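Presented below is the structure to which this report refers.
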Protein chains: 2
Amino acid sequence: MSEAISPLATPFPALPMIAGVTPRVARARYKEWDRCDLTFVELAEGTSVAGVFTRNICCSSEVELGRAHVAQGLARALVVNAGNSNAFTGYRGREAVEQIMDQVAAHLGCAREQVFVSSTGVIGVPLPKDKAKAGVEAALTAQPCNWLDAANTIGTTDTFAKGATATAIIGRQKVTFSAIIKGSGMIAPDMATMLGYIFTDANVAPALLQRLLSKAADATFNCITVDSDTSTSDTVLAFATGKAAHARLEDESSEGADAFAAALHDICRQLAHLVVKDGEGAQKFIAVSVSGAVSDKSARKIGMAIANSPLVKTAIAGQDANWGRIVMAVGKAGEPADRDKLSIGFGGVWQAKDGQPLPDYDEAPVAAHLQGQEISIEVDIGLGQGRATVWTCDLTHGYISINADYRS
Amino acid sequence: MSEAISPLATPFPALPMIAGVTPRVARARYKEWDRCDLTFVELAEGTSVAGVFTRNICCSSEVELGRAHVAQGLARALVVNAGNSNAFTGYRGREAVEQIMDQVAAHLGCAREQVFVSSTGVIGVPLPKDKAKAGVEAALTAQPCNWLDAANTIGTTDTFAKGATATAIIGRQKVTFSAIIKGSGMIAPDMATMLGYIFTDANVAPALLQRLLSKAADATFNCITVDSDTSTSDTVLAFATGKAAHARLEDESSEGADAFAAALHDICRQLAHLVVKDGEGAQKFIAVSVSGAVSDKSARKIGMAIANSPLVKTAIAGQDANWGRIVMAVGKAGEPADRDKLSIGFGGVWQAKDGQPLPDYDEAPVAAHLQGQEISIEVDIGLGQGRATVWTCDLTHGYISINADYRS
């Protein structure tokens with residue numbers, strides 16, 4: 001947490017503890033720093049787990065093993081290492097992860113497959129086994145901590161602690177979600193991976209939890225971009241302890257499954273937005289809403305082409321309603337579009353319609369909107385019913401300073 | 001030509017005039033400036049033409065008509081407007097282009113289809129017909145100019161004039177190429193499109209010229225990137241007047257076709273490199289060479305993922321041999337790769353092999369290499385025989401300043 005705090009930062013919310021979830025933190029000293037850098041979260045027996053992981057094929061051992069472990073559906077513990085991503089470290093890196101899993105499994109008396117490990121930080125250096133061992137040892141017996149401590153401990157280059165909460169009613173029973181996340185962007189020589197963890201006391205079958213998490217992630221985490229780059233370690237895990245007194249959600253038709261899915265989606269959206277708001281150098285939060293595409297998928301692809309365009313992102317940084325750059329980004333997305341049916345607006349004011357600038361376009365409200373911190377861009381393709389919204393931040397001198405202005 | 005000259009600029013070469021090619025320039029005053037902004041190049045009867053155009057589907061009328069006109073194979077004239085791209089202007093923009101074509105065709109007594117028009121500059125404003133008419137009128141009767149004048153006249157936000165020449169021997173006859181280009185990047189409210197024009201006195205059938213240009217463009221213009229954004233007007237045209245006294249090149253088996261193809265490829269590569277060297281904010285020219293991919297196509301896709309990565313580009317700006325960011329970019333390319341077979345080097349020195357950092361890696365020569373202006377990155381995927389080289393520039397504060405630090 002070394003950089004200046006993001007101007008888009010929000011205060012850490014009051015996150016309730018979740019029945020069956022006990023977070024603890026410790027100092028493994030993966031780097032030369034005096035802060036907690038190892039998070040250990042103990043989960044009640046019978047906790048369901050689901051996960052979504054980076055699509056980067058050069059992924060870390062943590063991701064490989066996590067993906068395999070999620071398949072069996074149950075979790076007893078989560079360990080997060082900060083300061084060393086353990087990525088690109090071959091078999092030695094994998095051994096360190098397995099050592100942590102075995103150490104925790106032995107302590108809890110569970111299978112190795114029920115222990116989940118994430119790491120974030122410098123790459124190319126195998127996670128030091130001795131530091132990991134002592135750190136885990138300390139964490140296993142530490143006093144339980146609150147969510148703010150845990151959120152700070154999983155952070156690396158984050159400029160503020162990020163958490164979110166939500167509730168849902170399932171069969172007259174209130175269930176609660178608390179979640180923490182770190183990210184985004186990458187800062188050399190560290191990779192500031194996105195790692196998110198969602199905890200709930202709801203009682204949910206693992207397969208259903210996985211389907212609902214995948215669906216929610218698709219419309220939230222998979223709809224954000226900071227700089228188009230993808231970490232080798234991105235991970236979001238959801239844990240449901242089943243401590244709430246409601247009938248188990250077995251599938252989408254179970255009573256309350258809709259409410260649970262809505263709350264899960266809400267918390268994923270909150271977390272995803274927090275990641276964008278801590279984007280490297282971000283000064284503005286940008287929502288790009290695309291309508292009228294031939295399909296939702298096509299709309300999202302067009303939205304991401306806009307959100308990833310350096311020219312669009314610098315225009316927003318410059319508070320410039322540069323619709324020409326948006327035309328350009330739509331055209332390069334590789335999706336069906338027709339120049340003469342395209343409409344583009346900012347902050348709800350159409351600037352160009354049907355492929356031509358509006359002659360009576362009123363610049364004043366758009367200029368005022370672009371001076372704010374939350375910017376919206378509306379694009380209508382004019383071809384169909386496909387819709388999507390994606391989120392990003394602007395591209396500023398801050399991004400260059402963080403990522404270029406150093407020597408290794 | 002308003003920005004500071006690129007540190008990667010090279011002096012304009014001595015470009016020979018080409019038999020059958022007569023360039024002239026004039027003032028159409030598309031903007032409030034006192035400079036020539038309309039280029040008219042007259043071509044001898046029987047000149048073959050070939051073209052490659054932007055893949056951006058929101059393209060300009062100039063591109064739509066140019067693509068159609070190239071199909072008939074012959075050219076008598078080229079007109080280039082600077083200061084107004086005429087993009088996203090609907091039918092009114094198209095009418096302005098057709099007016100220019102008709103005006104030139106009437107003067108030369110040729111078909112409209114043999115006149116090629118390009119425009120670059122502000123978008124969303126139809127090219128003013130009156131200014132275009134007067135400008136063309138002046139150009140038709142102006143004194144012939146040299147290539148440097150023409151190169152300056154097609155330029156907009158370019159920081160230096162860009163030209164290239166080459167020769168080939170076809171059946172004991174020397175043929176000559178002279179070429180000019182403008183670009184790259186886009187600068188608001190102008191779009192700084194890439195427009196390139198190659199002139200040769202060689203005698204080449206249009207169909208062969210098109211095949212050879214497409215092939216050369218694929219390995220040169222399609223292998224460069226400044227910021228991953230694609231102009232709506234990018235165009236490269238090749239004109240062969242047939243004035244050289246050699247037997248016509250009809251197909252790839254014609255005597256000298258190989259030599260012609262090699263020279264065309266060489267001039268395309270020169271032009272493409274010049275565009276990168278005038279990339280917005282560029283301080284370093286970067287060649288990314290990928291080997292060991294499953295195919296050449298796969299290698300290029302991986303190379304472009306690296307060349308487009310903001311994190312890689314900022315690392316080079318920071319003179320940092322950050323191989324972790326290259327691993328990340330390889331992994332997100334969506335192409336076959338294996339973390340444990342990947343090798344990465346800078347300036348010919350391997351830093352990581354088979355997925356792990358080299359323990360005896362010598363930083364000194366790499367650090368020296370990264371302090372230079374011409375940077376090479378080598379990536380071996382370790383899976384096959386596919387190879388590709390792509391070129392880009394670094395991402396600096398200059399890019400942000402040019403693209404964000406203004407108000408419209």
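Glycine is treated like the rest: Cβ placed from N, Cα and C.
Taken verbatim from TrEMBL:
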type	residues	note
ACT_SITE	B:THR193	active site, nucleophile
BINDING	B:THR156, B:LYS182, B:THR193, B:GLU280, B:ASN403, B:SER408	substrate binding site
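What TrEMBL annotates, mapped onto the structure for a quick look.
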residue: B:THR156; record: substrate binding site; DSSP (3 states): coil
residue: B:LYS182; record: substrate binding site; DSSP (3 states): strand
residue: B:THR193; record: active site, nucleophile; DSSP (3 states): coil
residue: B:GLU280; record: substrate binding site; DSSP (3 states): coil
residue: B:ASN403; record: substrate binding site; DSSP (3 states): helix
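Note: the Cα of B:LYS182 (substrate binding site) and the Cα of B:THR193 (active site, nucleophile) are spaced 7 Å from each other. Cβ neighbours within 10 Å of the residue listed as 'active site, nucleophile', excluding its own Cβ and spanning all shown chains: 31.
In this entry, B:ASN403 stand out among the recorded positions B:THR156, B:LYS182, B:THR193, B:ASN403 as having a C-beta under 8 A from a C-beta of chain A. A separation of roughly 9 Å, to the nearest angstrom, links the Cα atoms of B:THR156 (substrate binding site) and B:THR193 (active site, nucleophile).
B:THR193 (active site, nucleophile) is 12 Å away from B:GLU280 (substrate binding site) when you measure Cα to Cα. Between the listed binding-site residues, namely B:THR156, B:ASN403, the fewest other CB atoms within 10 angstroms of a CB are found at B:THR156.
Taking the C-alpha positions, the distance from the residue listed as 'active site, nucleophile' to B:ASN403 (substrate binding site) comes to 15 Å. In the shown protein chains, 27 other C-beta atoms lie within 10 A of the C-beta of B:LYS182 (substrate binding site). Within 10 Å of the C-beta of B:GLU280 (substrate binding site) there are 27 other C-beta atoms, taking all protein chains into account.
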